[in-house]
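These notes concern the structure reproduced below.
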Amino acid sequence: MATLSTDLTETSDTPWGRSRVLTVLLAVAFALILAKAVGILPEWLNRIPEAAIPPTAQVLDAVFSFIQNDLGLIYVTRFIAEGPLEFLLDTSANLLEGKRRWPYLGPIPWSAIAAVAGVVGYAVGGWRLAALGAGTFIWTAAIGQWKIAMQTMSVIVVAAPLAFLLGLALGIAAWKYGWFERMLKPILSVLQTLPFFTYLLPAVIFFKVGPTAGAVATITFAIPPMILMTTLGLKKVSPEVIEAGQMSGCTRWQMLRHVYVPAARTEILVGVNQVIMLCLAMVVLTAFIGMPGLGAKLLAMMGSFKLGRSFEIGVTIVLLAVTLDRMSKAWVVKQPVHFERGTPWWKRYKISLVALGLFIGFILLSQLFPILAEVGRKQHLSQGKEIDVVIKSFLAIEAIKETTEWLRWFLNVKVLIPFRDTLLAIPTPAFILIVVAFAYWIGGRRPGIYAAVFFTIVAFSGWWDRSVITLYTVISAVALATLIGIPLGVIAARSERWSKSILLACDTAQTFPSFIYLIPAIMLFGVNDVAVVFSILIFAAVPLIRYTIIGLSSVPSEMTEAADMSGSTRRQKLMSVQFPLALPTMAVGFNQAIMFAFFMVIIAAFIGTQDLGQELQRTLAGTELGKNFVLGLNVSLMALTFDMAISSWTEQRKKRLGLD
Amino acid sequence: MSATAPVISAQNVWKLFGPSPESYLKSMPAGRSFDEIRADGYIAGVKDVSIEVGRGEMLVIMGLSGSGKSTLVRCFSRLHDITGGTIKVDGQDIMGLSERDLIELRRNKMGMVFQSFGLLPHRTVLDNVAFPLEMRGQDRHDRRERALEVIKLVGLEGREEYFPRELSGGQQQRVGIARSLAIEPDIWFLDEPFSALDPLIRREMQDEFLRLQEMLGKTIVFITHDFDEALRLADRIAIMRNGAVEQCDTPDQIVMNPATEYVAKFTEDIDKARVVHAKGLAKPVNGHALEGAPINGGATIHELARVLVNDNRILLPVANDKGVVTGVLERDTALNVLLGAE
């Protein structure tokens, strides 16, 4: 039965009534603002005085130093860094890029790796993935980026399996022990909103500069989704499969090894996919702590405004990302197929044999033809300079130049700067009250209380103005992304063909390491605030478009049919049936957009911002772990406030609409 | 242990779900009803059940969904720990078993078939069937041989290398049956094994099941919500409702003498002549003068219809399958059953 009621009556969950609380909160905030405008607000109510701010960073520094030196954690971490981890990284670096370390075998010829990638692609997803796999590596070699790409890959091939194993183990523990899961959950939410700079500095301090620190930061960054997916998968194993295992007389270990983990295969492999993608995203970012590789090269090229080379490196990173993503996703859906009885062994292992044959074959061939082993300096096909000229002359075309310059002027002078100044002018307590009112209005009492606590902590951290600037950037970018993304999604959702291709484009865009989004921003707008907002905007628009399409197209067809039969116009149908039902899903996209924006705004420190990210980037040069943590936590707390409010709204709404 | 000792013997078994079931059960006043218990915040999955299953017997537990039948069978195999009472398997209290002993019991004596099959999706038919053997550490060659044997027994020869998702529902349940038989269990639990199958396949699988049972002669606890299926397969039927057993008796007795109104509702629309056997309706000989050829006690009244209508004796001698006269059947009573007149 398709009941068409999407107007929900407000139910108040407090005796006080929601609207009254809101009125009081906003009235106080407004009174404070007014008082400031008239000039009667005492300064201690405008900003928290320096004297009242606790020395959190110093205290944290003392605590870290105690753990690090007095408790001797540094020896443990240094041992891991210089022992097993460095050994693994050296081995992979030797094999892939030819670093002079044990086992002194590498570098493996690029042609052999491309051939194996092609066969693996074929095994998991047919000819198209074979072409993608082989093509990516051929491109990388041909364009002359093999060595730096392999520097990046050599960290991924160590970090991804370790993150997988650790995530799997922690996920199993969280599933097995309720107390462990309860303890882990808040830590994971903080970890997932913590800016990546906060992963980098501790890694450098505890694990020695270079690949080891990069690997540690990457592993930490990639673990959370693996834990969540493992726990989810194990919880979803059908009770009958579990009972079948018990009735077969499995011991606890056998249950885990032969029943639970294989039955949760799909979720665990989805976790693997996420681990790989996060590893790639983070490895590129480790450029900020001086890790060589694609990220460092991109950073250098963009820094010197060499757009052609930046573009080429960008393409390499994107190709690698798409290849890794598509292959690991194809592996998720690939189901085993039986062989007829009596199939000879070489037929059963045909694909592995072909891969091995090609691998050895290309190694031998590359002895004869050195170009198959390594594409030399003068041999590669890079057109960096030419592309650079093309891009720059394109941007110099009068019409385009005028458009971008006008946009830059308009956004900066008319929108961004006034908005920023307004936000900065609001007294701290009024600002907190407005945020609390927002969280309370959207999510209810709990998110409201959390918002109050979190923002008060931010206010007392001593970085209020920079936090407000961070927030301003995020809000402007997400607002612009919403203005562009939602209409785009609505239009795309009208036709199935369009939704499909745009969804595919969004899915692909989401696999790109966030760093990539800086390239077009810098190309179009140069190095300034507009470029920052623009890079965040395109990054955040992706989930908005994606979830708008998903939300609209998942409205049950009997509902839209009922609306059609009631004689509603397309607009009426959209406004009173499709939007209300799609809103919870669209809110998920909105939430993701905000989280993405908080992530991106920190990366944009590279372009030059005056927010928390800039301060964070500065800490990387030193050893101010305490300050780094305080700054990172500020970002995390602000992001969590929004996350909690929106998620709680989505959940309540879904419950009341009777969805899932 | 004597030959007639029951294989499974349950005494006053309780299984309560809720916050602290043990202490609630201890403090609960006797004779509390299902609804009163629910009002106290507990669900009585199994409510004071005492039942015995004899060697080689097929006990069918029948009830609608939520009646507690699946819970009861999971108590027998200790997939659930019971809240009160005792359950003995071969004279051994299973609640007193250590984890190790319980695993041994399941590895050697029990097999179970599940409604949605419970197959391991990543293993081939062969590996699924060999799974219990692998768990108890049998070597690869042995378990392969035994698995092939049972696969043949359930008629899945040639599909050994298939994965479960490549098979139809009926075939998947054959794998489930083969797996439960692989360890040659003494006790066979079947939890609505045919409910997920469509009606034609269900009928075929019942026939197959009866054939297997004739060959293997296991002690069986069979769960179903389908009364016809229960009548077709059972030596005895236990009808459950709200966690308690309403009546436990032979199909003949349940159809002829339903103990409660609830049971009577099930039997109302049943064609009794097709269920009731001559021996079930027969009375002791007690010096009645008998004449003429005896009728077969194992036949249903429906099967005897022609004889009953054409014969003109008032009393018909009833013989068992060895031809020995064991009782006497009043032709009128039998005709009443046949014609549906009580």
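Backbone N, Cα and C atoms are what each Cβ position is placed from, and that goes for glycine too.
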The residue range that TrEMBL labels transmembrane segment, out of A:127-144, A:307-324, is A:307-324
Listed stretch, out of A:104-124, A:422-441, A:470-490, A:581-608, that has the most CB pairs under 8 angstroms to the transmembrane segment (A:448-464): A:422-441
Short question: most Cβ pairs under 8 Å with the transmembrane segment (A:351-373), which of A:21-41, A:104-124, A:531-549, A:628-646? A:104-124
What residues in the same chain, six or more past the boundaries of the transmembrane segment (A:104-124), come closer than 8 Å to it by Cβ-Cβ distance? 93-98, 130-134, 136-138, 140-141, 146, 150, 323, 327, 330-331, 334, 351, 354-355, 358-363, 365-366, 372-375
State the residues, same chain only, that lie 6 or more residues beyond the ends of the transmembrane segment (A:531-549) and have a CB under 8 A from a CB inside it; answer 'none' if no residue qualifies. 411, 416, 473-474, 476-478, 480-482, 484-486, 488-490, 492-493, 499, 502-503, 506-507, 509-510, 514, 517-518, 520-522, 524-525, 582, 585-586, 588-590, 592-594, 596-597, 600-601, 603-604, 607-609
Counting only residues at least 6 beyond its ends, the same-chain positions whose CB falls under 8 A of a CB in the transmembrane segment (A:628-646) are 56-57, 60, 189-190, 193-195, 197-198, 201-202, 435, 438-439, 442-443, 446-448, 450-451, 454-455, 457-458, 461-463, 467, 470-471, 587, 590-591, 594-595, 598, 602, 612-613, 615-616, 619-620
Sequence-remote contacts (6 or more beyond its ends) of the transmembrane segment (A:422-441), Cβ cut-off under 8 Å? 18, 21-22, 25-26, 28-30, 32-33, 36, 41, 45-48, 447-448, 450-452, 455-456, 459, 464-465, 468-469, 471-472, 641-642, 644-645
